[in-house]
Every structure is written in C-alpha cells, then in structure tokens.
Amino acid sequence: MWCWVLAAAGLLAAGALVTERVRSGERMTQARLPATSRRRVLDTVALAAAAVSLVGAATGGHLMSRQAGTVDRLAAQRATVRVEAVVTTDPRVVRAGLAGRQSLVIVKVSVRDITGRGTRSTPRTPVLVLGDERWLQTRWHQRVAFSGRLQPAEAGDDVEAVLMTRGAPRVIGDAGPLFDAVEVFRRDTRAATDGLPADARGLVPALVMGDTSRLPQDLNDDMRATGMTHLNAVSGSNVTLVLLSAMWLAGWLRIRGRWRYAVAAAVLGLFVMLCRPEPSVIRAAVMGLIGLVGMSVSRRTAGSPVLAAAVLVLLVYDPWLAASYGFALSTLATAGLLFFARPWADRIARRLPRWGKPLGEAIAIPMAAQAMCAPVIVLLQGSVSLIGIPANVLAAPLVAPATMCGVLTVLVAPVSTSWARAPAWLAALPTEGIAWVAHSCARVPLGTLPWLPGAAGALLLAGLTLIALFCGVWVVRHLWVRPYLAGAGAVLAAAAWAPTPAGGWPAAGWVYVACDVGQGDGGVLATSPGHALVVDTGPDPGLMDACLDRLGIGVVDAVVLTHYHADHVGGLAGVLDGRRVGPIYVTPVSGTTSSDSDGEASEEPLVRALAAQHRLELRPLVTGDVLDIGAVHALVVGPTRLIRAGSVQNNASVVLDVRSHGMRLLLTGDIESQAAAAVLGQLRALTDAPPVDVLKVPHHGSANQDPQLEKFVRAPIAVISVGAHNDYGHPSPRTLDLLRESNSTVERTDRGGDVAIVARDGTLLVARP
C-alpha cells in the first residue's frame with residue numbers, strides 16, 4: 001500500500017510543480033524577464049517527484065507480481081510443499097562439505113507452480129532454495145520440480161521465502177538453445193583453466209565472467225580486506241575493463257567513430273549473457289558503461305544526468321536494489337569516476353615525468369572510488385582501509401592483460417580446450433600477480449584501522465572526506481609552509497591509531513568466541529570481517545559490549561536468545577549499544593506464560609522492550625529452521641516440544657547445529673537431561689552429518705546432563721561458559737568426568753577469560769587473550 005501512496009504523492013507533487021512552473025514562465029514572458037534560478041529549482045524538484053512516483057509505482061507492480069499466489073501464506077505456516085520452478089541463478093556452494101560430507105548449495109528460483117496444505121497456485125514468486133550438492137547439476141533457466149519446507153524470508157530480502165529441499169531436483173524442462181550455447185562457453189572456460197595454479201584457476205573465470213565458484217577462500221578474504229573484491233565479482237569496474245578492451249580492439253582493427261561504440265555495445269551484450277543477466281549483472285553493466293562514458297568525455301557534468309537516469313532505470317527494473325549495499329557502492333564509485341577521476345588524474349600527471357603520466361589515471365581511479373565508497377564500507381566492516389588504494393594501484397596494470405587474455409580464453413575454449421590453455425596461461429601470469437598483491441597487502445600491519453561503527457561512524461567519515469575534498473589543497477599548502485604543524489598532526493594521528501598491547505586478540509581466523517560474561521552465556525560466531533551472529537548475551541550489558549569491542553564487531557547480523565533467563569539475555573542492551581543489529585531470534589516458548597519449576601523470573605518483557613525501543617523484530621525459531629548468515633550455517637535442532645519436567649525455560653532453549661569455516665559446533669543453551677534426549681534424537685537423524693568439533697556444554701556444566709548426548713557427540717573441544725566462584729557449583733565434577741571420558745578438552749571462561757575457537761590451515765585451535 002505504501003508504494004502506491006508514494007507514487008500518488010510524487011505524481012501530485014510533480015503535477016503541482018509543473019503547473020506552477022508554467023504559470024511562472026507565463027508571468028516572466030509577459031514581463032519579458034529572463035529565466036531565473038527559481039524556475040530551475042522547480043524543474044529539478046518536479047523531475048525528482050516524478051522519479052519518486054515512477055519508482056513507487058514500479059515497486060507496487062513488483063510486489064503485486066511477487067505476492068500473487070500462496071507462497072507467502074505457506075511460508076508463514078512453514079508448510080511442506082511441492083514446487084515447479086525456473087532456475088534464475090547459478091547454484092553456489094556457501095558451505096563446503098565437512099569431512100567429505102554434504103555441502104550446502106543455494107540457488108534462486110522463480111516458482112511457477114506450488115502445491116501445499118490442500119492448495120495450488122501458479123505464481124511467479126522468487127524463492128531462495130537451500131539444498132545439497134545434487135543441486136550443482138542444475139543450470140540457469142532449467143525448469144525443475146522438487147519438494148521441501150518453506151519458511152519466511154528476511155524482511156527486505158529480494159526473495160519472498162526460503163525453501164529447504166528434500167531430495168534431488170528433477171529437471172522437467174530444458175533451458176533452451178541460446179542458454180545452452182552460453183553454458184558451453186562457461187563450461188569450456190572452466191575446463192581450459194583446470195591446470196592453472198589455484199589462485200589463477202579461481203581468478204581468471206572471476207575476472208571475465210564473474211564465476212567465483214573456484215576462488216580459494218583465503219584469496220577471497222584477502223581481496224576483501226584490501227578493497228579488491230571488485231575484481232573477483234561482476235562489478236562496474238569489471239564491465240568497464242571489458243569495454244575498454246573492446247574499444248582498444250576496435251581501434252587496433254581501425255574501426256572508427258560511432259562503429260567503435262557499436263562494437264563495445266555488442267561486446268557488452270555478450271558479456272551480460274555470459275555472466276547471466278541477473279539484477280547484479282545488469283547493475284554492473286549499466287554502471288560500467290556510465291563510468292566509461294564519464295571517463296571518455298571532457299566535461300565532468302556530462303555523465304551526471306546519464307548516471308541519474310541509469311539509477312532510475314535500475315530501480316524501476318528491480319526496486320530491491322535500493323536496499324543493496326552493492327548497488328550503493330556501485331553508484332558511489334561511478335559518481336567518483338565521473339566527478340573526480342579525470343581532474344585528479346590530470347593533476348597527478350602534471351607532477352609526474354612524461355614516462356610516468358599513465359600512472360595518474362591508475363592512481364586517481366581507486367582514490368576517487370575509495371573516497372566515495374568509504375562511508376558505506378564503514379557500515380559493512382566497521383573499519384577504514386588504508387591499504388586499499390595502494391593495493392589497487394599495484395594491481396591495476398595487471399588487470400587489463402589478465403582480462404584481455406581471459407576474454408580470448410573464453411572465445412577459443414568452445415573451439416578447442418587445448419588451444420585455449422595457451423591464453424589461459426597467459427592470463428594466469430597477471431592474475432597470480434593480482435593474488436600476490438592481495439595476499440601481501442592483507443598482511444601489512446595497520447592496513448585497516450578500527451572506526452566508530454554504525455551510522456555515526458559513516459557520517460563522521462563522510463564529513464572528514466568532504467573536508468578533505470574541499471579544503472585539502474588549502475591544508476596541504478599551509479602545512480607545506482609550516483612543517484611543524486604537519487609534524488604535530490602526524491604525532492597526534494600516530495598516538496590516536498597506535499595499537500594497544502592486546503596480546504594479539506582476537507586471534508586470526510577465529511570462528512567462535514565464548515565471551516567471559518560471568519555466570520551466563522555470551523557467544524559470538526564470526527560471519528564476515530567486523531560482522532557476527534551473537535548467541536546469548538550474558539547477564540551484564542557492559543561485559544558483553546566489551547567482548548564485542550575486543551573482537552572488533554561493528555555489525556551484529558542477528559542475535560539468537562536461546563531462552564529468557566537473565567544470565568542469557570540480560571546483556572542485550574550492550575549488544576545494541578552503538579552497533580547496527582539485525583533481527584532477534586528467540587525461543588518459541590514464552591517465558592511469561594510457562595510454568596517454570598525453578599522459580600527464576602523471565603526476562604521476556606525486557607527483551608521485548610529493548611526490541612521495540614530499537615525497532616527490531618522478534619522472530620521465534622522452531623526445530624528445522626535454518627539461519628544462513630555469511631560464513632555461518634545454523635540448523636535449529638531444539639526445542640522439539642514443550643517439556644514440563646525440570647526447568648521449562650531451560651528445556652525450551654534454542655539449540656543450534658552450526659557449520660562454519662570447515663568445522664561443526666553444537667550450541668546447546670541451558671538444556672537439561674529431558675531436552676538433551678530430544679536433541680540427541682534430532683542429531684541421530686542427521687545421518688550424513690560430520691562429527692561435532694566443538695560442544696558448548698549445556699547449562700554451564702551443571703550436573704543435570706544426559707550422558708548419552710556427550711557420549712554421542714564426543715567433541716574434541718568442550719567449552720563451558722561459567723562464572724568464577726559461582727553459587728551453583730558449576731561446572732559439576734560429574735559433568736567434568738563425563739567430558740574427560742569422552743576425550744574432550746575442556747575450556748572454561750572462568751579460567752583465563754574469553755575462549756576463541758580458531759580454524760587455521762584445516763586445523764582446529766583454541767586461543768585465549
């Protein structure tokens with residue numbers, strides 16, 4: 001409804017402004033007065049209102065199309081359904097199979113026929129499918145049939161629901177000859193690059209067709225840390241490089257004038273087909289094209305209207321891009337190229353010798369993009385990269401030859417895979433150089449600096465960037481004539497950013513940290529740099545806040561509160577303090593209505609009040625639900641039912657079976673023996689699951705354990721979150737004996753503080769501050 005109101009308001013505002021503009025023009029004509037700035041303002045505001053109206057109407061149309069049918073209702077009921085759908089993305093492995101077992105594969109589909117709960121409909125609704133490696137055999141635009149269990153998607157997602165599949169998909173319709181031909185290019189390119197070194201084998205297909213399926217994880221992490229991820233995904237810069245290569249080729253073939261742009265446009269069309277015309281690829285193609293136009297014209301303002309039009313067209317095509325960080329970064333980077341790259345390149349070139357003048361553009365482009373994108377990156381990572389510009393400058397000369405040789409590999413591969421290996425090896429040389437730059441720069445001390453997280457940090461950095469843009473030259477001139485000011489500023493900056501002796505904490509490669517929050521549970525799962533999934537928050541907001549600060553967490557993607565006891569939820573305010581926080585997942589058993597035999601008060605009212613205050617949604621988790629957040633895949637294996645015996649709240653704890661970075665963790669909340677037996681049944685049903693590597697021992701190691709659970713799990717590492725000298729006798733000697741009998745190494749937060757579980761080179765390690 002809101003989108004139609006927005007569209008109507010924008011249309012009315014545009015109409016009113018146009019009417020006023022016409023009347024104003026008539027009065028000025030009668031008085032023979034020249035056009036004024038007031039008319040220009042009216043024109044601008046009228047165009048903006050019309051744009052808002054157009055996007056609002058487009059959003060309404062998209063919502064009507066997406067929500068037609070029964071998918072939303074069935075997802076709310078978490079129904080088991082039979083589906084026929086068209087595959088709209090390539091399948092992607094988000095969690096590699098652990099210990100040779102099943103991998104997690106995600107793929108987006110457009111549902112065309114759905115049956116469940118006695119109803120059938122034929123919508124065109126986007127759904128995210130979670131399956132195993134059997135889904136890797138599906139291809140773009142195939143029609144498949146499968147069954148599974150629906151659950152609602154996150155608010156604002158570009159899909160309406162998430163579907164956990166059961167069994168393998170059945171292909172019931174081919175993609176078509178055009179799509180099959182494109183698949184031949186992709187398949188043969190992968191075959192031609194099979195013999196390359198690991199980094200090049202992943203980077204060459206990523207550079208030329210956005211295929212990151214074989215990119216090593218360590219290279220991906222290092223490229224993210226150095227601001228080079230635009231090279232390993234389909235981004236505007238990739239498209240710009242492909243277009244520049246096409247323009248260069250057209251010039252070498254002596255193609256002149258407008259025909260050169262026609263060649264570039266044809267290459268762009270082929271590139272979009274090769275990389276899949278998904279919204280992200282369409283966005284990258286449009287932004288890359290605009291960036292090329294902006295760099296090829298002499299006037300900075302020439303590309304601005306085209307950029308604005310491109311953004312409008314993209315939002316009409318896919319309104320959900322408005323909530324995409326990738327879209328914001330693409331737009332800002334393109335604006336940086338349009339407004340700053342050319343003048344900065346000219347200024348830098350004037351200060352370089354003749355042979356070094358090409359470096360002006362190589363330096364200016366990453367500087368312009370970084371200046372525009374840095375405030376948004378702070379929202380994502382909670383840090384500022386100092387190594388990003390040098391890394392991109394070093395890699396820039398290698399990207400063009402790698403891309404051109406990669407494109408040649410794509411063109412030759414369908415003719416002969418053997419012939420294509422020659423240009424593939426030529427592409428491997430510069431791509432290995434790019435990988436070396438990423439690995440080396442990622443290890444530079446102080447390559448990234450911690451920054452104030454959230455919107456406040458983004459606004460602060462944006463303000464400093466504006467000051468540097470508009471006052472930088474004046475500041476440099478004054479520092480040049482007053483070197484003592486420059487020295488004082490350098491000393492102050494060094495003092496502000498000098499690292500404190502934190503003993504190397506957090507440990508590199510940490511996957512899970514049990515925070516020392518006293519007598520309670522506060523766990524943190526790393527989802528991506530600066531991001532985390534928090535599982536319980538301990539009793540003290542200050543202790544939980546301090547733990548997250550020590551880990552450098554600026555964004556909490558989600559919070560899971562296993563149950564409503566104070567020692568698990570009392571620190572929630574500390575998590576919410578100064579961070580961007582996602583939804584809060586809670587137990588499905590209400591603490592205010594359950595009859596709890598231990599007499600301990602429920603803190604559910606506190607949780608609901610804090611959630612309302614911060615406008616966060618509370619979402620109950622039930623057995624079978626799945627959380628996929630960054631590197632974390634978590635399956636809910638408890639609670640299975642309401643258990644009246646013992647502590648109702650403890651036995652209602654959400655239990656998570658977590659896979660992350662090649663390891664498996666079992667986070668058990670405060671379950672007692674009754675709930676532990678039910679969880680054991682769920683774990684035994686996962687016949688293809690790998691062994692558990694880490695057990696978060698239930699209920700702080702109390703005596704009320706189910707010995708069969710520990711014996712079945714037999715985790716090499718058992719973590720007990722417990723307070724020193726507590727009044728409950730935790731952990732129980734009986735439980736410690738049981739863990740020793742299971743050959744588990746026990747790590748306790750009351751002895752040494754935080755406990756970090758680290759994955760490094762395929763090895764499981766424990767780190768302490």
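Glycine is treated like the rest: Cβ placed from N, Cα and C.
Residues or ranges marked as transmembrane segment by TrEMBL: 45-64, 233-253, 259-276, 323-341, 362-382, 394-415, 422-439, 451-476. What TrEMBL records for 519-700 is domain 'Metallo-beta-lactamase'.
Remote same-chain partners of the transmembrane segment (422-439), defined as residues 6 or more beyond its termini with a Cβ less than 8 Å from a stretch Cβ, comprise 192-193, 196-197, 199-200, 203-204, 207, 218-219, 222-223, 226, 228, 231, 391, 394-395, 398-399, 401-402, 405-406, 408-409, 412. The list of residues near the transmembrane segment (362-382) in space but at least 6 beyond its ends in sequence, with Cβ under 8 angstroms from a Cβ of it, reads 227, 237, 325, 328-329, 332-333, 335-337, 339-342, 344-345, 348, 388-389, 392-393, 396-397, 448, 450-455, 457-459, 461-462, 465, 468-469, 529-531, 552-555, 580.
Across the domain 'Metallo-beta-lactamase' (519-700), the prediction's mean pLDDT works out to 88.
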